[in-house]
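For reference, the structure is listed below as structure tokens.
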Amino acid sequence: MFSVIACIRDDHDIRLIFVAAFTCLMGSLATMLLFARAQECRSHQRRYWITAAAFASGVGIWATHFIAMLAYQDSIPITYAVSPTLLSMVFAILGSWLAISVAFEWDNSISFACGGVLMAFGIGAMHFTGMQAIETSAKLSYSLPRIVASVAVGISFASLAFVAFRRLHRVRRIVVGALLLLLAICSLHFTAMSGVALTLETDVPSEALAIDRSILASIVLAAATALILSSLGAIFIDRHLTDLRGFANASLEGLLVLRDGRIIDANERFFTISGWSAQQVVGAVPEAFLTLDLEACTEAAIPLETTLSGRDGKAIPVETVIRSITYRGHECSVLVVRDLTERRRAQQMIEHLAHHDILTDLPNRSLFDQRMRQALQMANRKHGEVAVFCLDLDRFKAINDVFGHAEGDRLLCRVAGILQRVAEEGDTVARLGGDEFAIIQPMRQQPEAATRLAERILVEFAAEMDTARDPTAVGVSLGIAIFPRDGANAEQLYANADTALYRAKRAGRGHACFFDAEMDKAARMRRQLENDLRQAILRKQLYLDYQPIYDVGSDSVSGYEALLRWRHPDRGIIEPETFIPIAEESGSIAAIGEWVLEQACQEAMRWRQPASVAVNLSPLQFMIPTLYDQIERILRKTGLDPRRLELEITEAALMRERTAVLATLQRLHRLGVRVVMDDFGTGFSSLSNLRAFPFDKIKVDRSFTGALEHDPAARSIVRAIIGLGHSLNMPVVTEGVETEIQRRIVIEEGCAQLQGIFFGKPDIGPSQQFPDMDRAAG
Ligand code: C2E
Ligand code: CA
Ligand code: CA
């Protein structure tokens, strides 16, 4: 150690030592900066930076050595042979390259430490080869322990320098790394130099080509300075350019730099969007990839939408805009290419959602209307036909209520599946809301095509929906209207298909009905009546006729049946058989039924005799939960004795919510109201219905009475019913008695009461017949 310090102090010009150290420091700093650059880059670029670092380091070491040698003061003049001088530089560079390559190959602390070791060997190889270049009259001798020691300190510091670079961060790794590398180079050099001894000799062989040491010094210094400065410059320029490129690559838009109409550069994003490579793009004209008018694009204030042909042949929707820039010192334009694929996809999704039902993914009403318009336009042009189907699911509401909405949703999806399966290409199956489905069948031979499709739908429903066993299965009804026969526009067609659907449902479900003009007239009249009926009570157009009921035992009129009439301002008197079903379907039966009850009770109160009054109840009135309270209130209000009131109900009333209906009837029965089974023999005529509830009377339907005279079967039915009534202890009434013969027959069969025009037509009632009573009551 001391001898090394002594060697520096005694044998060297201290000023030149500083120059050497400064050169070394610059070289080391450049090396470390290049290290850092190499580390920032990815593989292929890293190679260049490793090579640059090897050059900076090698030349730095080499220059340090020769400047230090310049500082070496000895009385004997020294020159340098060219080849070993050059060879020493090669060793320094190669050694550095090997060391740095090894360090970066594995890029961990160990590989960096190994790199340091190799670096020291490189410095050593350079040093001793450089020493061989010395040509002097003296003989050089080396001390082996010093050589070993010099390499050892070199290894230590160089490894430390490499590891420090790997471990430390930011400026510190550059500064500390560079200082340790400086120490490695200098300590190796001076330790080795402290073991050098010169002994004068005369016949040292000299190479022909030798350089004077001052010239060499100048060359070395110039070379070192140039190299170090240029590598530092390279780092900064590269960083600047890389950052710019990184900036351009980070952009979401593809960028093409154009000069004189040709592409001179492009960013990564453009390659990603298009799939083309730099080689294919650079040098080409932008029109080769883009459908575009450069001039229009330059002038356009807003981005223009166009397509980019991708490498895979796909047309990519893009929007483009052109901006002027200065690029590499030239006026250039940059063509910005924005990929619209994602935006288009989102747009398509929104459009899809706007036109489709979320649950079933079928077209919704808006798309249905659109398709309908298109289909009609096309049919108009080509004189074709279009069928429109309206579909309705039977029992859907009940399933939704009983099994919940999830089950309802599942069912709707199943139905959508069936319809899509049976529909042909070009047909539109839509869900218009709730359980309302519709189909457009454009441009086919009608009504054959519609008949086939309707059949397929019904068959498929029957196969997939086992309504008999599966409580969550539904049936379907279809109404069909055909353009141009059944309507000139979409609204009319749809309304007519709906009318046909209505008929199909009335035909007993699971049916398909075509629209026809008769149906239309009936439907229109029906709709009109439906509207008029809503006003009928308020406008006092309803009134009751009373038909006497003759009692066989007492040979007198024991009561009257109230029969509803509607005096329509335009159509005159309308029969209940026409308007009651309409009232039932439109729901106005509830109000009308209540009115009838109150009216009948009120009028019966005015009769002189306390005859009974029979009121017909629609099955739908039993759906009113407060029916019992309503009747009780009316009785209280009018003051009619409940025993005078008879309610005529048909078996249909017992079909739905049977227990609730029976409970209501029980309560009414307890109140004293009598209940009559009306129209017996037509519907289910079930004995169990008669047994389930103690009816006060059975009324044989009038259709049997009409047939009694010439149809023995009718007579046996009437006889059976009367027999049944007897066995159940229920008196039997026969209605529709028109003739003496009929009267005789039914009395013979044992009927207790009779009703019919033979005894009296339905008319204004006993209040008119007994004016005295009327006045007394009024
Ligand atoms: P219904 O309950 O069977 O009423 C008896 C029907 O037979 C009445 O017809 C009556 O006019 C008719 N009729 C009476 N005598 C004879 C006869 O000798 N021969 C024949 N062929 N018919 C006779 P109307 O008044 O047209 O009533 C028809 C149906 O309308 C009734 O049948 C009943 O079901 C319903 N209805 C009538 N008024 C009401 C009411 O206020 N409420 C409800 N819900 N339904 C009513
Ligand atoms: Ca009746
Ligand atoms: Ca009847």
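Cβ atoms are placed via backbone N, Cα and C, with glycine included.
Summarising the annotation, TrEMBL assigns domain 'MHYT' to 12-199.
Annotation comment: TrEMBL describes 384-517 as domain 'GGDEF'.
The domain 'EAL' feature in TrEMBL is assigned to 526-776. Mean model confidence of the domain 'EAL' (526-776) amounts to 90 (pLDDT, 0 to 100 scale).
Per TrEMBL, transmembrane segment is recorded for 16-36 (among others). Among residues of the same chain six or more beyond the transmembrane segment (16-36), those with a C-beta under 8 A of the stretch's C-beta atoms are 8, 49, 52-53, 56-57, 59-61, 63-64, 67-68, 70-71, 96, 100, 161, 165, 173-174, 177-179, 181-182, 185-186, 221, 224-225, 227-228, 231-232, 235.
As annotated by TrEMBL, transmembrane segment applies to 48-72 (among others).
Residues or ranges marked as transmembrane segment by TrEMBL: 78-100 (among others).
As annotated by TrEMBL, transmembrane segment applies to 112-134 (among others). Listed by sequence, the residues of this chain that lie at least six past the ends of the transmembrane segment (112-134) yet keep a Cβ under 8 A from its Cβ atoms are 57-58, 61-62, 65-66, 69, 78-85, 87-89, 91-92, 94-96, 98-104, 140, 147, 150-151, 154-155, 157-163, 165-166, 181, 184-185, 188-189, 192, 196.
Taken from TrEMBL, the feature transmembrane segment covers 146-165 (among others).
Per TrEMBL, transmembrane segment is recorded for 174-195 (among others).
Annotation comment: TrEMBL describes 215-237 (among others) as transmembrane segment.
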Could you give me three numbers for the domain 'GGDEF' (384-517), the DSSP helix, strand and coil residue counts?
61 helix, 32 strand, 41 coil
Could you give the residue numbers and ranges of same-chain residues that sit at least 6 residues beyond the transmembrane segment (215-237) on either side and whose C-beta is under 8 angstroms from one of its C-beta atoms?
19, 23, 26-27, 29-30, 33-34, 37, 52, 55-56, 59-60, 62-63, 66-67, 70, 80, 85
